[in-house]
Amino acid sequence: MGNDVRPNWDSPRHFVLACVSYAVGLGNVWRFPYLCQMHGGGGFLIPYMIMLVLEGIPLFYMELAIGQKMRLGSIGAWTAISPYLGGVGALLECETATSTKYFFYRETLNISPSIEVNGGIHYGQAMCLVLAWGITYLLISKGVKSTGKAVTFTATFPYVVLFIYLIRGFTLKGAFSGITYMFTPNMEELANPYTWINAATQIFFSLGLGFGSLIAFASYNQYNNNFERQAIMVSLINSGTSIFASIVTFSIYGFKATVNFENCLERWVCLCVCLREQCAFLLLNTFDLAEDSISLDTVTDWITKLNTTFPEEFAAIEHRIETCDLTNELKDAAEGPGLAFIMYSEAIMNMPLPQLWSVLYFIMLLLLGVGSMLGNITAIVTPLRDFKVISKMSSELFNGLVCVFCLLLGLGFTTTSGNYWFTIFNDYAATFSLLFIVLFEVIIVSYIYGIKRFEKDIEDMLGHAPNLYWKIMWLAVSPLLLICLLLYYIINYILGGTPTYQAWNKHLGKAEPMEYPVYCQLFIGLLLVSTVSCVPLNALYAFYQKRKQDKSRKSHALTTLSA
């Protein structure tokens with residue numbers, strides 16, 4: 001099944017760096033911290049680490065083993081296992097405003113008021129997209145050789161920036177409030193099945209499981225490369241990076257929350273102390289207090305004390321008092337990319353030398369994105385180049401055509417409503433399809449290809465068979481967990497009512513929930529079906545081809561006998 005003329009990585013180090021560069025991406029910086037915050041800090045870390053041990057590392061190991069053994073891209077590798085399963089390979093490839101919020105939504109995105117309103121392409125975003133794909137093409141133009149050199153930088157520089165931000169974050173006021181919030185578990189979240197689904201999906205999303213990139217990367221390894229050690233190493237590096245990036249994020253987030261909290265207190269004190277005409281119904285006159293008795297340090301104590309001592313009088317003025325709560329500030333996180341582009345930007349504005357920190361931060365984001373794009377393009381290019389027709393084309397030409405094609409597909413997300421469509425793909429194309437793909441992968445390897453046969457393949461490559469832990473995970477624990485999560489996701493989607501999204505209301509200066517229109521709901525359903533349809537369609541095609549060949553052989557045999 002191997003291909004002796006297939007190019008190889010210059011060294012195992014390049015392969016590890018390629019995996020790290022691909023796995024460690026934007027999801028580590030904004031998706032993991034957002035999920036961690038959404039599910040109660042430490043309450044998310046517990047299921048995340050459990051899913052890493054029970055799902056992430058075993059399936060990462062499995063994908064590397066498949067790629068290294070078959071020495072083919074995802075389509076060719078699964079077709080080699082069974083001609084009915086080539087669709088799995090194809091499936092792997094288909095898948096009140098602050099000034100910062102105003103700039104992000106109205107200037108950077110120029111976002112429309114709803115998904116139904118489309119104002120055309122935002123040319124600034126389109127040019128950035130062209131630049132990103134231009135950089136990607138330059139790094140991947142000559143195939144695995146140029147990629148191996150590029151990942152040395154794209155995989156390491158983000159760690160330098162994160163370490164700089166960690167040191168800077170720890171010196172900011174309120175940083176440890178954010179870190180304490182991150183590591184304080186909300187145990188109620190452990191009873192929420194969606195916490196476990198998000199933990200599993202984040203593992204798959206972050207490690208790159210189910211996308212075909214790992215199979216493609218591993219196919220360029222030497223046959224006896226020790227992928228077992230590399231699988232454990234890359235998985236731990238990736239998850240360690242997620243936690244490390246979250247510590248950085250929450251230290252800065254604690255600073256931002258503290259600044260907002262103190263600004264709220266200052267507005268409250270100013271209202272109560274400075275505006276004498278308006279204080280007749282507020283604290284000073286209501287409770288006959290001395291003018292200098294309320295300060296920034298004592299205001300929250302006074303609110304609690306007066307509310308307890310004079311509940312009726314306090315109730316009469318409560319609607320005039322702005323609620324200031326540090327915990328609520330910490331709970332109020334920007335969703336998805338907003339965590340990276342809004343929260344960090346607001347924090348950076350309050351730092352000394354904001355230009356320096358912003359340049360470092362956005363260069364890091366660019367490299368994280370490019371590193372992931374290299375992996376995704378490799379997942380597309382590698383299986384296609386296994387076909388004879390395409391293998392005759394030069395790497396520069398074919399890789400360029402793929403990059404141009406992906407660029408054209410991405411232009412739809414640069415329209416004024418593009419961010420809403422991005423949310424649809426992020427929310428619905430990733431979770432369901434990843435759970436389905438990875439479940440199908442582990443069932444195919446364990447029960448169709450056969451665990452004994454797979455065990456012998458690994459022993460042939462590594463010189464020793466996988467231990468009992470790996471086999472228990474592949475045969476029982478991983479598939480059972482995935483089936484439970486997938487069933488819950490389907491039931492929750494069916495019973496969850498009309499799906500909604502956050503639409504920007506320029507009059508209120510904030511995002512508000514809106515229901516998706518009917519055609520978007522139909523598109524979501526089509527998206528869910530299309531992401532998994534490659535498997536049965538390819539199986540039917542392979543079955544049809546086999547029957548056609550069988551009929552041809554019988555016809556030829558009868559003709560021979562008649563003669």
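Each Cβ is built from the backbone N, Cα and C atoms, and glycine gets one as well.
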Range annotated as transmembrane segment in TrEMBL, from 12-30, 335-353: 12-30
Remaining residues near the recorded Na(+) site, that is with C-beta within 8 Å of the centroid of the site residues Ala23, Val24, Asn28, Ser206, Asn238, Leu368, Ser372: Val20, Ser21, Tyr22, Gly25, Leu26, Gly27, Leu207, Gly208, Thr241, Ser242, Gly371
Candidate ranges 12-30, 152-176, 428-451, 516-544 - greatest C-beta contact count to the transmembrane segment (472-496) (under 8 angstroms): 428-451
Candidate ranges 12-30, 196-220, 397-422 - greatest C-beta contact count to the transmembrane segment (232-253) (under 8 angstroms): 12-30
Contacting positions for the transmembrane segment (196-220) when only residues 6+ beyond its ends and CB under 8 Å are counted: 6-9, 15, 18-19, 22-25, 27-28, 31-32, 35, 38-39, 44, 47-48, 50-52, 55-56, 59-60, 63-68, 70-74, 77, 89, 92-93, 95, 144, 227, 234-235, 238-239, 242, 375-376, 378-383, 430-431, 433-435, 437-438, 441, 481-482, 485, 488-489
Candidate with the highest Cβ count within 10 Å, taken from the binding-site residues Asn28, Ser206, Ser372: Asn28
